[in-house]
Amino acid sequence: MKIKFTKMHGAGNDFVVIDAINQAIAFTPAQWQYLADRRFGVGADQMLVVEKPQAADVDFRYRIYNSDGGEVEQCGNGARAFVKFVTDKKLTSKHAIKVETMSGIIEPRLEANGQITVDMGPPILAPEDVPFDTTDLLSKAEGEETLWPLDIKGETYWIAALSMGNPHAVQVVADIETAPVREDGVLIEHHPRFPKRVNAGFMQIIDAHEIKLRVFERGAGETLACGTGACAAVVSGIRRGLLASPVKVQTRGGELSIAWAGNSSSVMLTGPAVTVFEGEIEL
Ligand SMILES: N[C@@H](CCC[C@H](N)C(=O)O)C(=O)O
């Protein structure tokens, strides 16, 4: 079976995007892994699938697969690539669309300057909904945020646990360049207190309106940028009293901007989306 795809990226977080409205697909986890493989396949952090919606009043269904082949709830950088893809392929004539995901509806829109803003919905803060197991843990409060101790290799890291539809553990580090993102990231991802695993974010505060961020993503390893990771880091920074909206997020792949008015308001993610090439692959 030959499949048409588009290779895209958002701040260096790269994607294989597949139109499943005009071609039928049903892949095994091994086939998703093959597509994501940088040597034997196309190469991507995530695969994004465009489907017809199931719910009423929604334009599309957006499905997301990590490079390990697992389907996940949300991908912020991918949402920007998604709206560029459906616009470029003329699957819609709208510049603002409603998209159904595993974790609810998000609303990406094309800005006049070519950037894309996504209404990612409100953050989910209750530990049981992240999900994060707090049994017998003693938390500490910082501003409005609750920080939890996480034991990694005999050391205690104080993390904020929150969800943007997908789970995140965010910690503040003094220097992003020397932070043990890969070594500790994989241990945090698989920590038994996160039953669905977790994306591990490491943020360095530059000032109230700017951070540097690296994320070790669940199911994909360290990526050049993580959109939901940027949302989670900024929400936790604002709740800790360290940041004020809007916040510029410097990642290794480019710049994102996050705005959040607090409480149950939506987190707004702005950044680029780029098409790299089109192709066809035999599966
Ligand atoms: N790169 C993404 C997040 C993709 C999913 C994540 N790895 C997970 O498993 O939750 C983003 O831009 O948000």
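Even glycines carry a Cβ here, placed using N, Cα and C.
Summarising the annotation, TrEMBL assigns substrate binding site to Asn13, Gln46, Asn66, Gly76, Asn77, Asn166, Asn199, Glu217, Arg218, Gly227, Thr228. Shown in sequence order, Ala36, Asp45, Gln46, Val72, Glu217, Arg218, Gly219, Ala220 are the residues of the chain, 6+ apart in sequence, with a C-beta less than 8 angstroms from the C-beta of Asn66 (substrate binding site).
Residues or ranges marked as active site in TrEMBL: Cys75. For Cys75 (active site), the number of other Cβ atoms no farther than 10 Å from its own Cβ, over all displayed protein chains, is 32.
In the three-state DSSP scheme, Cys75 (active site) falls into the coil class. Taken from TrEMBL, the feature active site, proton donor covers Cys75.
Taken from TrEMBL, the feature active site, proton acceptor applies to Cys226. In three-state terms derived from DSSP, Cys226 (active site, proton acceptor) belongs to neither a helical nor a strand segment and is classed as coil.
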Recorded positions: Asn13, Asn77, Asn199, Arg218, Cys226 - member with fewest neighbouring CB atoms within 10 Å: Arg218
Other CB atoms within 10 A, centred on Thr228 (substrate binding site): 31
Rounded Cα-Cα span from Cys226 (active site, proton acceptor) to Asn77 (substrate binding site), Å: 7
